[in-house]
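Enquirer: Feature table excerpt (Swiss-Prot):
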ACT_SITE  E263  active site
ACT_SITE  C296  active site
Amino acid sequence: MTSVQLETPHSGKYEQPTGLFINNEFVKGQEGKTFDVINPSDESVITQVHEATEKDVDIAVAAARKAFEGSWRQETPENRGKLLNNLANLFEKNIDLLAAVESLDNGKAISMAKGDISMCVGCLRYYGGWADKITGKVIDTTPDTFNYVKKEPIGVCGQIIPWNFPLLMWAWKIGPAIACGNTVVLKTAEQTPLGGLVAASLVKEAGFPPGVINVISGFGKVAGAALSSHMDVDKVAFTGSTVVGRTILKAAASSNLKKVTLELGGKSPNIVFEDADIDNAISWVNFGIFFNHGQCCCAGSRVYVQESIYDKFVQKFKERAQKNVVGDPFAADTFQGPQVSKVQFDRIMEYIQAGKDAGATVETGGKRKGDKGYFIEPTIFSNVTEDMKIVKEEIFGPVCSIAKFKTKEDAIKLGNASTYGLAAAVHTKNLNTAIEVSNALKAGTVWVNTYNTLHHQMPFGGYKESGIGRELGEDALANYTQTKTVSIRLGDALFG
């Protein structure tokens, strides 16, 4: 069986694929293995899905290779764009279902999940528009040569996506890869496979030929490792932790030196100057850390506030965080649902305990909410020092630290005091301060008087240990193309 009927409070009953999507069909795994998908809201088993093993990865890669070397390689850019737009239209048509499935196995609030799907639609349409605009150039060197440079697809792309934004990452990865003419084998996160499989069911309906987009469910140490080290995969793209990113980079290097892009962890500073609109800043700082349950690689988990407004800010921020509704992801007023899994829940609670043990002050939160499901109260630590684990390490949950700074130079130094460099934010009414601090911060994205406002037209990625390459925007096309130089001799003689 490769599908099962499920039901959500938002979408009603629907058919949930559970197989591996290879060659436009849902199939069972070669070894017949399945694994449980857990509902993080109540800790129950939602269903089982088929687990991809190394044998299944081989089959999926072979399907992608056959498609790439066959008719897909000759497909016109215009038609690739049409197919991506068809897929975007189907996402839009099925927005309620896709959002509900996200909330079911990820636990995110349904209002946030709908926002994710809208962003998927925008992303797929954006890259659909790019498909026929990827151009080369002619370079003049000497009168007797004609030289041109063209962009070609890389080939078979392995893509490994995380559990925090399952469908959004699905679109971020597939959009540019397909626009550039590649084929794809995408592995969903084992915690959240359901949305990616429902999305895969739309691929055939959109008109894609068999083998162009393949979606498999499985574990990182098995299917992810097989993709990363596969000798017939030309490119691997990964979003997730820095620890796993290093493993993937090593696997790529020790196999066929496949190209790699990595979007990894973060410990992003959110800096509030004394001249900022304090109420506006508090709203964005709250959103910056507690959005998506704090499960964002770019979460603003290190808050730095200028000392003259520090006490006032802490009090107001605490009051704002306490208003965040934590609970059933399908309730209309819920802002924060459960953490994605017991493993993640336990990890976050360990960090909270470490903060307490180190002497930090819990301004609010610091506890589990309820006794069922992986819910954690929004947590703010004050009286922190830069050497504390909760300040240095990525927690990936609804936990932030808040500290004082005196001068602009102090803020910059504190902001850059991390091995990560994914994102940062500056809150100020002074344009000179905004520009100077933004330029000085070692981060791939800096927001000013806002936070988490990503857009598919804007490149996103990190400095330092936060990754290699950029997602989104025109920059992402470079992840999925290679450059070919052609030089044609026009004269007859070898020299002269």
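Placement of Cβ uses the backbone N, Cα and C atoms for every residue, glycine included.
Give me the local environment of each listed feature.
Expert: Mapped onto three states, the DSSP output places E263 (active site) in strand. Within the same chain, the residues at least 6 positions away from E263 (active site) whose Cβ sits under 8 Å from its Cβ are F238, T239, C297, F460, G461, G462, S466, G467, G469, E471, listed in sequence order.
Packing around C296 (active site) is summarised by its Cβ count: 23 other Cβ atoms lie within 10 angstroms of its Cβ, all protein chains included.
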